[in-house]
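Enquirer: Questions regarding the structure given below will be posed in turn.
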Amino acid sequence: MAAAYLKQENYVLTERCTDKTLLHEPRLLKARYRRGIARKGLGMVKGAMRDFELCLEQDPKCMEAKHELADARKLFESGDYDSESDPEDPIYDSELGYTSDSSDFRHEGNGTPCKFYNHNGCKKGAKKCPFKHGPDNRSMRDDLGRNVCLFYLLGDCKFDDEDCFYAHSKLYLPPSGWWNKPEKIEQYLEMLDMAYEFSGTTPGQMMDGFLGRMLNGDLRDNGKKFIESLDDETNFTDLGPSPDMSRNKPRKKGGKPKKGKGKGVRPRDPSLEREVEERQRNCGFTDDEVYELALQGVKPWDDDAWDVLDVLNGNF
């Protein structure tokens, strides 16, 4: 996909696509080279130089990277680029400090998250550990490769850090994420409450369904597979298996679980109720967003649907 965007000189989508790839496979040479090209095309010269330098660290004989690095350095020295669009510390450059955790990322194990891996590290490694090292719908992968608890990010995890399967830390997550936006967090918490009220869906089941996939970004990559798994009878409780964890217990009316904010039942927002229904029906998108995508010839389950919507909304 990134190669196709690059041929079209669509540098915005090329960079976004390669960002995702490098987040999980930091040592994938082609992706880093293509991101360097895209960054240079966007005027992000410092980031482009860093990408080409890292390409040469992996493969000193890569002539293409040598030529591109030389061109980027000339552009940098001339000052003929938009310095405001070239941040000193791009969000995804934080993955450069560690090697690829691709074996851990793909390690499913017995489906139960490995508590050791997500906290202080698993001594057994992906080959010998019987538990899951890879991400799931209840967690967000951080720059250290750990799986961070989505309930913790929502301020709603009933477990302490030492008792939870997942990490309880935002330190190695991008600072611009929804987890640092109180209004977004409140909206997602209301979705959890409404799901239980409308269909008896527990917070755990809701997180295993479309909300968890939306929060951790899986809908962006697996939207087609997700929508193909649904049928006309699908409801919240059909959206995927969950490990046997006590978060599947229903939320008590009039109060929050341990570690929550304790605000009690929230007043219902009719517009948010409609949004929940629309996003459940449309692979995570609202009806208006589906219409905007359709004008561009993009379906909600296409791999690049979220990227296209970001560009349409000016979020790049």
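Note that Cβ sites are derived from N, Cα and C of the backbone, with glycine treated the same way.
Caution: TrEMBL annotation is automatic and unverified by curators.
Reproduced below are the annotations present in TrEMBL:
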type: COMPBIAS; residues: 248-265; note: compositional bias 'Basic residues'
type: COMPBIAS; residues: 266-281; note: compositional bias 'Basic and acidic residues'
type: REGION; residues: 232-281; note: region 'Disordered'
type: ZN_FING; residues: 108-136; note: zinc finger
type: ZN_FING; residues: 143-171; note: zinc finger
Enquirer: Going by DSSP assignments with H, G and I as helix and E and B as strand, what are the residue counts for the zinc finger (143-171)?
Expert: 4 helix, 4 strand, 21 coil
Enquirer: Taking helix as H, G and I and strand as E and B in DSSP, count the residues of the zinc finger (108-136) in helix, strand and coil.
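Expert: For that range the per-state counts are 4 helix, 2 strand, 23 coil.
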